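*Asks:* Take this structure, written in structure tokens, and hold onto it; I'll ask about it next.
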């Protein structure tokens, strides 16, 4: 009977109840002595109680049984999930990965949790300051098990295959060219429909928010109304064989058993929710005269650090757009950055490296490591006739940018067997055009 429905608005105070139980939300208070339909009231807090109102995040859930009804947690093997940034020696080189391979089902069944592979990161969850970049590769759905992240928020970027994500707040279908955010503490389960792959930006200690627009004004970039929140949906399902609740806690995995589905929330209200966003909705701002604007104009979401103007992590996209700048080298320029830049490709051909950078792969340019267009791109762009042109048509590249210095895991450098050891060669054909007698 269920049809996927959503409510719109970023950070809104939403109210939702499953239509099978009209009036399930208490009227005029959060925690009545007896809730409608005999439900339990449970608050999920995403911020300290005393946070200023603009940053205070919480939701009230009205559920058939409270989430406290489970057996004790026991350690679960993490596989390739880690926050140990000292596994291997630091590597300041430009790094690029070929598409990460998805195992075939008979060979190795992987669901969303067992398919999590940590690529790089910095900081640590106990201190509530840090990030991690994970790759997920899976080929089977989560069955009678769910995950919640005690350490931080997951920003999920599917690259191949759809994700049907069931949460305590309702269901979301997330397809390639969409993203979703599952915030700290929210239980969710992922159903897939074949070989599935994507990227995750995990943030410890901050929540994602829309970037300030400053001189841009009131409108532009990602508009708040284009973010979608699921509507309430519940299942009153007993699981005699045991339902597994997995907690990611201090970088480790733990599993607890219970005999009922955790997706038993009949109604909820609040501003602390999962949400999704379609990247085609992004209103691109670009240079219309000459030179480049900084790539910060392509920021969809930001997780702020304690330093004003400096992000713990930004999620940036490079969508289809018009290039019209006069007397300008239009592709990305050569650059050394005090930030770390991880890039992924959802589809198409990235303008600065059309050959080696492939959908489902990635690259990491660490702090102050030089990077920029390959030799072929430079030569073409330097000689191109500067007419208005569509840039990145049919392409969607993105960047996780962070003020932290990211360490690469052993899986990323060795075990994955996807590291492109010839990446540096794309710049070797660059030659000097210097002529001291001509400017």
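Cβ atoms are placed via backbone N, Cα and C, with glycine included.
Whatever TrEMBL says is automated annotation, not expert-curated.
Feature annotation from TrEMBL assigns active site, proton acceptor to 292. The Fe cation binding site feature in TrEMBL is assigned to 335, 341, 371. The homogentisate binding site annotation in TrEMBL covers 350, 371. The domain 'Homogentisate 1,2-dioxygenase N-terminal' feature in TrEMBL is assigned to 5-279. Positions annotated as domain 'Homogentisate 1,2-dioxygenase C-terminal' by TrEMBL: 281-434.
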*Asks:* For residue 350 (homogentisate binding site) and the residue listed as 'active site, proton acceptor', what Cα-Cα distance in Å is obtained after rounding to a whole number?
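*Replies:* One finds 17 Å between the Cα atoms of these residues.
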*Asks:* Sorted by position, what residues of the same chain at least six away from residue 292 (active site, proton acceptor) have a C-beta under 8 A from it?
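*Replies:* The answer is 325, 328, 332, 333.
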*Asks:* Among all protein chains shown, how many Cβ atoms are found within 10 Å of the Cβ of residue 341 (Fe cation binding site), not counting that one?
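*Replies:* For residue 341 (Fe cation binding site), the count of other Cβ atoms within 10 Å is 21.
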*Asks:* How many other Cβ atoms are found within 10 Å of the Cβ atom of residue 335 (Fe cation binding site), counting all protein chains shown?
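*Replies:* There are 12 such Cβ atoms around residue 335 (Fe cation binding site).
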